[in-house]
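Data first, discussion second: the structure below is written as structure tokens.
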Amino acid sequence: MYQLKGVTKRYMRGKNPVDALAGVDLTIEDGGRLVIQGPTGGGKSTLLQMLGGLDRPTAGTIELDGVDLARLPESRLTKVRAESIGFVFQSFNLIPTLTAQENVETALVPLGLGARNRRERAAEELESVGLGDRPNHLPSEMSGGQQQRVAIARALVKRPKVLLADEPTGNLDESMRDEIMDLLDGLWKEHGLTFVMVTHDSSLARKAPRVATIRKGKVTVTENAAA
Amino acid sequence: MFFTYLRRELRRRRKAALVVASGLALGIALVIIVTSVSSGMSKAQDKVLESLYGLGTDMTVTKAAAAQGAGGTQRPRFEFDAKEDEDATQSTDRVMVQGFQTLASSTVGKVGEQAGVADAVGGLSLTVMKVDGQFKRGEFKQDESAGQGGPGGGQGGGGQPQGEVQGGGASFDVNSFTVYGTDVTQQDLGPLTSSQITKGRTFKATETDAEVAVVDSAYAKEKELAVGRTVTVSGTEYTVVGVSTADSGDAAANVYIPLKQAQTVADSKDKVTTVYVKAAGSQQIDTVKAAIQKNIPGTTVTTSADLADTVSGSLSTASDLAAGVGKWLSAAVLVAAFLVAGLLTSSAVSRRVREFGTLKALGWKSGRVTRQVIGEALVNGLMGGVLGIAAGLAGAYVVTAISPTLTAQLGSTGGGTGGGPMGGGGGRQTASRTLDIALTAPVSLSTVLGAVALAVAGGLIAGAFGGWRASRLRPADALRRVA
Ligand SMILES: Nc1ncnc2c1ncn2[C@@H]1O[C@H](COP(=O)(O)OP(=O)(O)O)[C@@H](O)[C@H]1O
Ligand SMILES: [Mg+2]
């Protein structure tokens, strides 16, 4: 369970401070699904980075199961990222020189698994995102949708507690969006993940039971009983 | 994963890797070529010195230069009796001690007793001027030229060709050759060691006073000498027992005879011109030199290094060049190559900010990412090393194949160090000679190992640049927009 209190992230743009997050209070239950919306530059990505332990807030606390990520030593934070967080990026962020299979394996490297175990688990995970037939393709040899599937497999192969996705369909054609969304929803249900996703798609947001909207670093949460 | 990732990176980013590697390769190749050419130069210098000294000689001891004028009384003089006999053929050998300065034989023993001296052996270097000729009585001739000089001979008494009866002429054949009196009981030191016996044999240790000789092959060829024939030195006939060929193609003397014989013909009983000294270790040369000069007054000690200082000509110019410009150039290129490799590696990291950020976001420890970057740089360095060693070996091979000829002039005319022990002419001032040496560029194993070390160092320096940058990246950089 996430508990955020007074989370502020201040960036300096030249000499002017910019509060990407300005005192965010937010709770996300285990197994919950939260959709984050808001205008560009509102602070969506910044919030996701805080949740994923990719960066630290300027002020406030981010508790994940009672542990404050904001004050965790770097080595422990690295461990949290390695074990508990799955991150899916808008632009896939695959390692361009590694194959699909190897890209998925990179997520298992910090867990200290044996090479064989790693290979098997990565192959299984590729299978479950529907790419079992092309483990040896390079990112450049795959479509955007396929690349994002590899990225999803990479995020989930470690069996994380949390899946964070920052506009996962933002770089995809219309036709592939639903495919990826369906895949993510299926995996969320299957693995009982805590799933936080940033999206621009307002139709998707309308269907979601819980939506957080970020404007100028301020969050408002809408519970959608109808959905 | 380390090696898989490394392999993939190097294979798929071959061009970038090659740029870094070739920069390092250039530097390493230059270092190899300069080092091997330098060692070829010093080998050439050693050869020059060796041809004078013989193998293994670390220094020579000669008599300290006497005050000028002392030599004047010892100028060679030829005395012929103006015999009444018409057309009498006369022959005279004038035997001169080279440099006109000798040491007592006992000096050899004294030198041998000095601390740090492994071996000392004396030798007597002589120059023999052989004059064969005829006096001709004055004849009344209308001939224009009175003197009928033999080939290469001097013309004595230039006649004045006016058809008058004059003092006549003389036909002389003046012939000069060098003789070295060698200590036959100690043949592992001294000038003869830089020659190989190519025919016959060398001296027996028992032939201390035997009338036997070893002749240099070039001289033997000129004078049609062979094993079994005789060579005459100042009236004494020596049986040629062996023919020697100098390693450097330039022999220390034309004829070698036992020391005692040389002392006899030169009328220099118990005298030597030079003591050849071998030190117990190369580090001791300077202390041995100091000891000899202190304990045995009136001597000049010349080490190989002293003699090397007197080497002039294109060899010394070239070795100065290799030592100066060559070393600086290769050092500069190497430093530049290291810097370029470092900057390229660092800029490669900049282009991969998102990639490394992503790995950190995936939970990779900073150290693991840094290691990956250093690993890549190290492989680039080793590739540069392999390329550089190949290019360096090729360059050294080309130098050796062309083997440019360098000349070396040995011995100073000023006589500051006493000059070389083997004078060419008879005077002290002419104790210099010119040698032609083919330059080679031998590549030693230590040079190659040094190049490998440089390659590793280059890789590590490049890796340090890149690794430092990579270590400073944050997981949030995974989301950075990179152009
Ligand atoms: N690394 C950064 N340095 C400076 N300003 C940043 C940085 N990251 C984000 N910002 C600023 O913070 C604000 C929120 O950005 P972001 O979280 O990316 O918004 P969103 O994802 O909602 O578009 C923006 O004004 C953005 O310019
Ligand atoms: Mg964003």
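Yeah, the Cβs are placed from backbone N, Cα and C, and that goes for glycine too.
Residues or ranges marked as region 'Disordered' by TrEMBL: B:141-168.
Annotation source TrEMBL lists compositional bias 'Gly residues' at B:147-168.
Positions annotated as domain 'MacB-like periplasmic core' by TrEMBL: B:175-294.
For the transmembrane segment (B:328-350), the residues of the chain that approach it from at least six positions outside its boundaries are 13, 16, 19-20, 23-24, 26-28, 30-31, 33-34, 356, 373, 376-377, 380-381, 384, 454, 457-459, 461-466, 468-470, 473, judged by C-beta separation under 8 angstroms. For B:328-350 (among others), the entry in TrEMBL reads transmembrane segment.
Annotated domain 'ABC3 transporter permease C-terminal' per TrEMBL: B:330-470, in sequence order. The domain 'ABC3 transporter permease C-terminal' (B:330-470): residue composition by secondary structure is 94 helix, 12 strand, 35 coil, according to DSSP.
According to TrEMBL, the transmembrane segment annotation covers B:377-399 (among others).
TrEMBL lists B:443-465 (among others) with the feature transmembrane segment. Tertiary neighbourhood of the transmembrane segment (B:443-465): same-chain residues 20, 24, 27-28, 31-32, 35-36, 39, 334, 337-338, 341-346, 373-382, 384-386, 388-389, 392-393, 396, selected by CB-CB distance under 8 Å and a gap of 6+ residues from either end.
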